[in-house]
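According to TrEMBL:
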- Ser46, Leu75, Trp383, Gly390, Leu391, Ile392: FAD binding site (BINDING)
- Asn186, Gly187, Asn188, Val189, Arg230, Arg231, Glu242, Gly390: NADP(+) binding site (BINDING)
- 37-199: domain 'FAD/NAD(P)-binding' (DOMAIN)
Amino acid sequence: MFLLRQLLNYNNGSFIRLSLQHLRRTKSTFSTSSAPQIAIIGSGPSGLYVCSRLLQRFENCFIDIFDKAQAPFGLIYYGVAPDHFDMKKSMTGFEKMFEENRERLELFCNVDANKDVNFEELCSSYDAVVLAYGANKPRKLGLENEYGNNCFSGGEFVSWYNGMSQQYIKNIPKLDTRSNAVVIGNGNVAIDCSRILLSSPERLKQTDITENALNALKKSKIKNVYIIGRRGPKEISFTIKELRELLNLEGVNSHCLIDSNLKEKLEQELNLMERPRRRIVELMLNFAEEKRPSPNQKSLKLLFNSRPTKIELNNKNDSINALYIQNNLDNLIEKIECSLLIVAIGFENILLNGLPKNENGQLKMIDWCRVPNENSLVYATGWCSHAARGLIADSQQQAYSVADQIYEDLNKINSTKNSIKKMSARTQIQQKLCSRGVEFINWDDWKYIDECERRMGAILGKTREKMSEISSILRIMRNKGIKN
């Protein structure tokens with residue numbers, strides 16, 4: 001999430017212009033009839049960065065972007081917390097890219113590259129295929145009962161309050177049973193989940209949080225949130241902006257549980273730390289003293305150097321009843337009763353069917369970005385090509401470098417599939433999807449949906465009300481002849 005948040009600090013698309021202005025602007029000389037056809041799997045920041053660079057390098061090219069979600073923009077749309085308004089403004093730059101390249105660029109949302117159209121079909125149709133779908137498999141604790149009722153991954157909980165289609169959310173969080181919730185993880189996803197749980201409905205009502213989630217929070221009995229991390233205060237992955245926002249949340253009594261010996265040691269080491277780390281540790285030390293709570297105040301406690309050892313379920317309904325944790329320093333075991341468990345300890349890569357694997361079961365790569373394939377040039381960027389971590393500067397530059405590599409590789413090829421096939425790749429894929437009854441969502445569809453969401457939001461006094469079942473809405477629209 002640190003990677004994404006730095007990306008989103010840029011507003012109104014200026015990040016695309018600023019990042020590109022110092023890069024080479026040499027364009028290819030492909031004619032329209034022989035223009036390369038490129039597929040990008042994933043409509044999040046990494047894939048759209050590749051797209052923006054390709055559109056600048058190739059004077060003539062056709063790019064189709066596929067995503068299994070019902071809306072484009074990846075984590076910008078489905079990952080950024082509802083109360084972080086400025087971060088969502090970055091969609092404007094990508095929207096402009098689509099609008100200015102309508103003939104060259106198309107969107108295919110609600111298309112699963114593992115089911116609706118497969119990877120090999122894309123390779124057979126396109127000159128190049130870019131893997132940019134991130135890493136979205138939640139990392140698990142490996143404990144018994146981890147799949148109990150009201151136990152969620154951080155990604156599942158975020159998807160719930162951000163309006164991800166219900167076909168991807170197996171269960172709905174129940175917040176109206178007891179007062180304690182536990183969040184495991186020392187990254188910004190854990191912070192987001194905790195902040196949403198502790199925020200007043202009044203604070204969130206004008207955001208794009210779904211009405212279902214907002215109503216659940218209005219009925220919530222959650223008063224106490226525990227954030228559990230296996231690492232110490234010096235090793236946490238929180239960014240200071242997000243941590244400061246959480247610790248100072250209105251109506252919340254925040255306490256970082258740092259014992260006196262560790263506190264003294266940290267204070268002595270402050271001058272030896274690099275400035276970013278020192279600022280975070282100083283912030284936590286400022287909250288190391290427990291304060292007397294005010295009436296009706298909620299509670300936040302951050303526990304460090306602790307690992308979960310056992311999940312206890314309720315015998316009646318198999319829902320979470322308690323979490324046992326062990327302190328890594330003194331080996332003491334503590335029981336925390338809770339009615340909600342959120343595990344936010346990162347993500348793992350998922351390989352599409354047909355992708356080559358190495359001896360470790362990971363994506364097989366020829367070099368830093370190329371993937372072996374007999375039918376097409378295949379590339380990987382972002383979390384698809386490495387573990388789900390990294391700085392935005394590295395990821396952003398990687399996306400542009402991948403685009404430059406595609407440009408160089410395609411210019412070495414004498415002919416493209418566009419010049420030897422009677423039917424374009426886009427038409428081939430559209431026909432396949434239609435014949436299979438896939439309700440794909442193109443850019444024009446999305447703009448209509450976007451307008452509807454904003455109108456519904458305006459009625460409710462908020463920025464937008466996300467539709468969680470867009471495919472059903474499109475099916476109704478088509479049957480009634482509302483769409484073109």
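Placement of Cβ uses the backbone N, Cα and C atoms for every residue, glycine included.
Any TrEMBL annotation is an automated prediction that lacks curation.
Neighbour counts of Cβ atoms within 10 Å were compared across the binding-site residues Arg230, Arg231; the minimum falls on Arg231.
Taking each of the binding-site residues Leu75, Val189 in turn and counting other Cβ atoms within 10 Å of its Cβ gives the largest count for Val189. As a whole-number mean, the pLDDT of the domain 'FAD/NAD(P)-binding' (37-199) in this prediction is 94.
Secondary structure at Glu242 (NADP(+) binding site), as computed by DSSP, is helix.
Rounded to a whole number, the C-alpha distance linking Arg230 (NADP(+) binding site) with Ser46 (FAD binding site) is 30 angstrom. Cα-Cα distance from Arg231 (NADP(+) binding site) to Trp383 (FAD binding site): 23 Å (rounded to the nearest whole number).
With every protein chain in view, the residue among the binding-site residues Ser46, Gly187 whose Cβ has the most Cβ partners within 10 Å turns out to be Ser46. According to its DSSP assignment, Arg230 (NADP(+) binding site) is coil.
In three-state terms derived from DSSP, Asn188 (NADP(+) binding site) belongs to a helical segment.
Of all the Cβ atoms in the protein chains shown, 23 others lie within 10 Å of the Cβ of Asn186 (NADP(+) binding site). Rounded to a whole number, the C-alpha distance linking Asn188 (NADP(+) binding site) with Trp383 (FAD binding site) is 17 angstrom.
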